[in-house]
Amino acid sequence: MVVSGVLTAPAVLTAPHSGTSNTTFVVFENSHVNITAPLPFQHPSAGPLLRYSLETMTSPGFSSLAVNSTAVTPAPAVFKSLNLAVQIILSAIMIFILFVSFLGNLVVCLMVYQKAAMRSAINILLASLAFADMLLAVLNMPFALVTILTTRWIFGKFFCRLSAMFFWLFVIEGVAILLIISIDRFLIIVQRQDKLNPYRAKVLIAVSWATAFSVAFPLAVGNPDLQIPSRAPQCVFGYTTNSGYQAYVILISLISFFIPFLVILYSFMGILNTLRHNALRIHSYPEGICLSQASKLGLMSLQRPFQMSIDMGFKTRAFTTILILFAVFIVCWAPFTTYSLVATFSKHFYYQHNFFEISTWLLWLCYLKSALNPLIYYWRIKKFHDACLDMMPKSFKFLPRLPGHTRRRIRPSAVYVCGEHRTVL
């Protein structure tokens, strides 16, 4: 047995009986004792003496004693850190995501701010979504990137809590915008109610930001108290037995994913059902109705089905764009939400050796959504595409133009031909 200590106020205890091993315990205040001999090899008479010595060490005179026994307490499990190749790959991916997220969403915000023609209700909502994604790229992604490079959090506990608040604030705001747009599409296509205007869109944006802040703010004040991350590249939820902590994780998972997912899914199912019924009703009209029945039915009776067909074409394309955004949201956020819940309630999952790598890949997948959104706007929305090309310097206009069949063919002032000599205005 080896006993070691750091010298301040010594006291010596020796084995009192003959025939025992020459075992001496040197006890010091503020000392560190390291017992390295396994228990089976200790002399039987040393047991009572060891207990007596430890009791003496815990007396008021030795209140600062720290004992480290490798024979009794196993070493804590050490998680598997990232190897150099994985670090390089993850760092390169994050740099790409950060670059595209910041510049792409910045362009979206500038287009809506600078161009009056772009300030429709839907575009204002999309600008708010882009603003949240841009702030996520500025206030969260760089620190996660540094943590990947250093494999430890170096920014302190306060900023750990603050970054967690920012993360969930921007996430909840982005989800709220998707929810508002989906409900608006549902009201327009299913309920035939177009209630959203730019003023109401701004009010809804203010309400969504206030709601997101009220949900995320407790993280900044340490309720629940997040520890400095040692098993993830940023402050995330980890295993705990605290019921309040667990309740908060469930609440934020419901608000940020499950409730919006169910509401948006219901809205999209209703929209798809309505579009299918409208398509069947429109195609049920005979081809010659314009010419053979125009004099009997009148032009006003013909205007509604044809106008419905035109409106459904536009609404279907806008709905498809929102559907793509929703699909990206599901693919990027469903794994991370599941991971957060399992890590909070499963000790085995949280303490497995490759948890750091798992959490990093899933977090990167979440950040990928912020980079994909502006690319979807550019691909699907012609106004954003054209405005983006107008803002770019001529030397950088290398992006291809949209195919001809995707350009808008119908204008609100157009005249739609019903027959050879009949038109509907």
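We count from 1, first residue shown onward.
Each residue, glycine too, has its Cβ placed from N, Cα and C.
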Check: Arg161 and Asn242 same membrane side, Swiss-Prot record: yes
Average model confidence [pLDDT] within the topological domain 'Cytoplasmic' (191-202): 90
Cβ-Cβ under 8 Å with the topological domain 'Extracellular' (223-247): same-chain residues at least 6 beyond its ends: 79, 140, 143-144, 147-148, 152-153, 156-157, 160-161, 163-164, 167, 340, 343-347, 349-351, 355-356, 359-360, 363
Segment proximity, the transmembrane segment (88-112) to the transmembrane segment (358-379), 3 or more C-beta pairs under 8 Å: yes
The topological domain 'Cytoplasmic' (113-123), counted residue by residue under DSSP: helix, strand, coil: 8 helix, 0 strand, 3 coil
Highest-contact recorded stretch vs the transmembrane segment (88-112), from 124-148, 203-222, 248-272, CB pairs under 8 Å: 124-148
